[in-house]
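Straight from TrEMBL, the features:
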DOMAIN    41-287  domain 'G-protein coupled receptors family 1 profile'
TRANSMEM  25-51  transmembrane segment
TRANSMEM  58-78  transmembrane segment
TRANSMEM  98-120  transmembrane segment
TRANSMEM  141-162  transmembrane segment
TRANSMEM  205-225  transmembrane segment
TRANSMEM  237-258  transmembrane segment
TRANSMEM  270-289  transmembrane segment
Amino acid sequence: MNEANYSEVSEFIFLGLSTYRPTQYFLFAFAIISYAATFLGNFSVVFIVIFDPHLHSPMYFLLANLSFVDFCFSTSTVPKLISDLYSGHSIISIQSCIFQMFVLHLLGGCEMVLLVAMAWDRYVAICKPLYYLTIMNPRMCLLLLISAWIIGLIHSVAQLAFVVHLPFCASNEIDSFYCDLPRFIKMACINTYRMEFLVTADSGFISLSTFFLLIISYIFILFIVRKQSLGSLSKAFSTLSAHICVVVLFFGPCIFVYIWPFPTVPVDKFLAILDFMIIPILNPAIYTLRNKDMKVAMRRLSVQLLSRKSIC
């Protein structure tokens, strides 16, 4: 087909999660509640880490940044979903679609690096406690944070570099509530098999390799601690269990989407809800409920706020 014969497509239509209006009302309420919980949960972590001097340590610095990225990740799709469910019209321009994918891959790559940095932080804290503050100094923490954003940016640009100029001439309907790279590529008018394979293989390989790297590193930490004492092992496992839960929750859907050879639309939509509306709520809950320092800091901050209120 010649480029001159293309009927230009300037926007896409999201088919969303359901076309049944009562179901859309339920999803509208659910999306608002989940987004509000995401905002409160993640910014509570950021707020507590900033204003509690006892939490001014490398681990909580990285945790606060992870919470901020989680909130941004949800913000990249959920407000648009809420607006679409309210209005009943789900339209997005091609430029906005590309920008949304850029932000998603930027934040996804950044979060992967932050999770690796948190695993490194726990390794140093548990296995080399005497050198912890020397190795994980403020300069190192800032370097890890900057590296996370730079690697996320490189990953996002590399993923989108070959698709931004794709021609679209046929269907403009996306059976989802957000733009993702595999569906975007399939909408093109040209043969995109190789491009789909490269993009899927790239994201799948990065997700799978990083996931196994993190799991192996946590097992390695526990193996080293086990040689010291059972008491130390119990304490280390209690500390690492929250990290392991977050790693599994983050990488599970990513690996399933890019590695599973038999994708289905209902499963993809469920994983999208999990990714954008449930996991960003679970992450701060896991870290606060399973972390003694965070629970103590929350109580301390609550007491301070109540005492100031009583004085006023």
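Cβ coordinates are placed from backbone N, Cα and C, and glycine is handled just like the others.
Caution: TrEMBL annotation is automatic and unverified by curators.
In this chain, the transmembrane segment (25-51) lies apart from the transmembrane segment (205-225): fewer than three C-beta pairs between them fall below 8 angstroms, excluding pairs fewer than 6 positions apart. When Cβ-Cβ distances below 8 Å are used as the criterion, the transmembrane segment (205-225) is approached by residues 109, 112, 115-116, 119-120, 122-123, 126-127, 155, 232-233, 236-237, 240, 243-244, 247, 251, 254-255, 258-259 of the same chain, each at least six residues removed from its ends. Outside the transmembrane segment (237-258), and at least 6 residues removed from its termini, the chain residues within Cβ reach (under 8 Å) are 66, 108, 111-112, 115, 118-119, 122, 126, 182, 200, 203-204, 207-208, 210-211, 214-215, 218, 221-222, 267-268, 271, 274-275, 279, 282-283, 286-287, 290-291. Proximity of distant same-chain residues to the transmembrane segment (270-289), defined by a Cβ-Cβ separation under 8 Å and at least 6 residues beyond the stretch ends, is recorded for 17, 30-31, 34-35, 37-38, 41-42, 44-45, 63, 66-67, 70-71, 73-74, 76-78, 81, 176-178, 242, 245-246, 249-250, 253, 256-257, 295, 298. The average pLDDT the prediction assigns to the domain 'G-protein coupled receptors family 1 profile' (41-287) is 87.
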